[in-house]
Amino acid sequence: SMAEGAGAGPRLAELLAAGRRFWEEVETGAEPSSGAPAVQDKVRQGLDALRQAAAMVAQLDLFSENEELEEIASADLKYLLLPALLGALTLKQVDLSKRLEHLESARAHFWRFLKLCRSYGLGSFNLPPASPPGEEDAGSPSSGGPAATQPNLVAMASSRQAKIERYKQKKELENRLASMKTSVESGQADEDQIREFYILQTQKWINTSLEEIESIDQEMVILRSRGTAKQSSAPPHGTSRQVRTPMKPFILTRDAAQAKVFGAGYPGLPTMTVDDWYEQRRRQGVVSGQSAPQRAPGITDEELQKQQQEKKEEEDDEEALQKARNWDDWKDTHPRGYGNRQNVG
């Protein structure tokens with residue numbers, strides 16, 4: 001082609017070969033950590049070479065959605081792999097702050113590769129959705145009530161079966177590719193063999209891409225739920241809840257006499273008669289003031305309280321004294337806990 005004459009062909013082949021080589025070195029590398037600077041350097045160089053190659057393929061218009069596989073020149077078949085290799089190397093980046101971005105980008109590469117393969121009738125598989133399960137689906141429980149939470153055992157068994165099949169196919173493909181590799185790379189293979197080799201390679205990457213998209217989608221759900229958990233743990237902006245003053249503990253008694261007695265036994269806790277309690281709650285506006293005494297105009301809360309208290313004390317004095325005495329006598333003749341025999345221990 002004209003492009004070949006202009007030197008694009010050899011240059012394109014070199015870029016693909018370089019990208020592949022970096023990918024293989026990273027994938028089967030001796031470095032213990034993919035985060036090692038040397039490894040990440042290879043990832044960067046590999047991505048750079050593959051991106052340039054992909055730009056050239058787009059410029060040369062090598063592939064089109066409405067042509068047949070037979071129309072692709074055997075030597076050009078290998079360029080079908082570019083988006084898959086781009087996806088694979090994109091995943092090898094280790095910057096955690098950009099993880100979601102890298103997952104989205106890798107997924108888009110794998111998906112483009114699968115769509116291209118579908119349009120050429122390569123491999124029989126279901127094309128995954130174009131975009132990952134969105135945030136709005138991720139958070140919401142699956143509709144369909146309790147039954148939806150039960151795992152679908154049939155579906156699970158069939159997907160497990162599909163995985164086993166895929167694994168077997170992959171191993172078989174790898175074995176066939178390994179046995180053909182030498183003759184293709186040394187230039188001894190004829191065109192049919194070259195063609196078969198590249199198509200097998202593409203089919204192997206179809207399996208890889210389907211697996212990668214599946215695990216990318218799972219990881220994205222986890223990352224997103226972590227993200228929303230982080231946001232929701234911070235108090236929602238600008239919603240100050242109405243703070244209710246907590247009530248202090250106290251002992252509620254039937255009358256003043258009891259209040260005196262209980263007060264002596266529990267110096268730490270204030271005592272309050274039922275009437276006092278109602279009065280206090282009424283002042284706080286909690287209890288409706290039906291039984292509230294009428295006040296003369298111009299009398300303050302404190303004065304009113306004082307008046308009531310004095311009146312009460314006069315009435316109560318005699319009665320209270322008598323009650324207190326009765327209570328003391330009763331205590332002398334009845335040990336503590338008397339009468340509470342059903343509930344022993």
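Just so you know, the numbers here start at 1 and follow the chain as drawn.
Placement of Cβ uses the backbone N, Cα and C atoms for every residue, glycine included.
According to TrEMBL, the protein carries these features:
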- 228-243: compositional bias 'Polar residues' (COMPBIAS)
- 303-312: compositional bias 'Basic and acidic residues' (COMPBIAS)
- 320-335: compositional bias 'Basic and acidic residues' (COMPBIAS)
- 128-150: region 'Disordered' (REGION)
- 226-245: region 'Disordered' (REGION)
- 283-345: region 'Disordered' (REGION)
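Assigned with DSSP, the residues of the compositional bias 'Basic and acidic residues' (320-335) fall into helix, strand and coil as follows: 14 helix, 0 strand, 2 coil. Helix, strand and coil residue tallies for the compositional bias 'Basic and acidic residues' (303-312), in that order: 10 helix, 0 strand, 0 coil [DSSP].
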